[in-house]
Amino acid sequence: MITIGILGLQGAVREHVNAVEQCGAKAIIVKTVEQLAELDGLILPGGESTTMRRLLDKYHFMEPLKEFAASGKPMFGTCAGLILLAKRIGEANDVHLGLMDITVERNSFGRQVDSFEADLTVAGVADSMTAVFIRAPHIVEAGENVEILAKYNGRIVAAKEGQFLGCSFHPELTDDTRLTQYFIDMCKDAKENTEKNIDIDINVAIDVSI
Ligand code: GLN
């Protein structure tokens, strides 16, 4: 069974829990650093990135989240969560976790259209899926190892870099769980690879002791 955590300090938490459970994985709302140890992957939900950052500092999450990333476990940032993952944020905003090689711009789609739905093609995930954008950021620039998964009006709105997945929109607000499933599959692969490596380590240890 794959266990997915949803950072539960602020934002669209419950909707992600429902989406993960619909995919048949176990969902845990993460409110303390200790809970990170139980997870195979972590979702950083949408909400308000500056508020989330304040809470991450208050509850001492910053270093543990960087360690979680360093352990190779997948992380999925949606909307504000994407901003938390980015290595660079436009307009001199403070960088938060700085894990994914992208530059993001906040509130990119203008005041008049605070929220809207669009039909997107998401590479490797869906030929057509409805995406809900709410005061959404977009990816202005992506490093060479970043795979661009979706664009809307020429702007990058979904991308993957190794263990990191990010999107500008809210996949948890529709009934379409394909992107959530895609992330869970990333977590399954990462878990299997870690287990294989542990097996190899044990065999090497046995060889050495013989
Ligand atoms: N505008 C928000 C921010 O900058 C993100 C909005 C969202 O997550 N729906 O953090």
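Each residue, glycine too, has its Cβ placed from N, Cα and C.
Please treat TrEMBL annotations as automatic predictions, because they have not gone through curation.
For GLY47, GLU48, SER49, ARG106, ILE134, ARG135, the entry in TrEMBL reads L-glutamine binding site. Cβ-based neighbour count (10 Å, all protein chains) for GLU48 (L-glutamine binding site) stands at 14.
In the three-state DSSP scheme, CYS79 (active site, nucleophile) is classed as coil. In sequence order, PRO45, GLY46, GLY47, ILE134, ALA136, PRO137, CYS167, SER168, PHE169, HIS170 constitute the residues six or more apart from CYS79 (active site, nucleophile) in its chain with CB-CB distances below 8 Å. For CYS79, the entry in TrEMBL reads active site, nucleophile.
Sequence annotations record features per position, and here TrEMBL assigns active site, charge relay system to HIS170 (among others). The 10 Å shell around the Cβ of HIS170 (active site, charge relay system) contains 23 further Cβ atoms across the protein chains shown.
For the recorded site, GLU172 (active site, charge relay system), the DSSP three-state label reads helix. Taking the Cβ of GLU172 (active site, charge relay system) as reference, residues of its chain lying under 8 Å away and at least six apart in sequence are, in sequence order, ALA12, GLU15, HIS16, ASN18, ALA19, PRO45, THR78, THR180. The active site, charge relay system annotation in TrEMBL covers GLU172 (among others).
Taken residue by residue with DSSP, ILE134 (L-glutamine binding site) is part of a strand. The residues near the L-glutamine site, meaning same-chain residues not in GLY47, GLU48, SER49, ARG106, ILE134, ARG135 whose C-beta sits within 8 angstroms of the mean position of the site's C-beta atoms, are GLY46, CYS79, ALA80, ILE83, ASN107, ALA136, PRO137, in sequence order.
Neighbour counts of Cβ atoms within 10 Å were compared for the binding-site residues GLY47, SER49, ARG106, ILE134, ARG135, and the top value is held by SER49.
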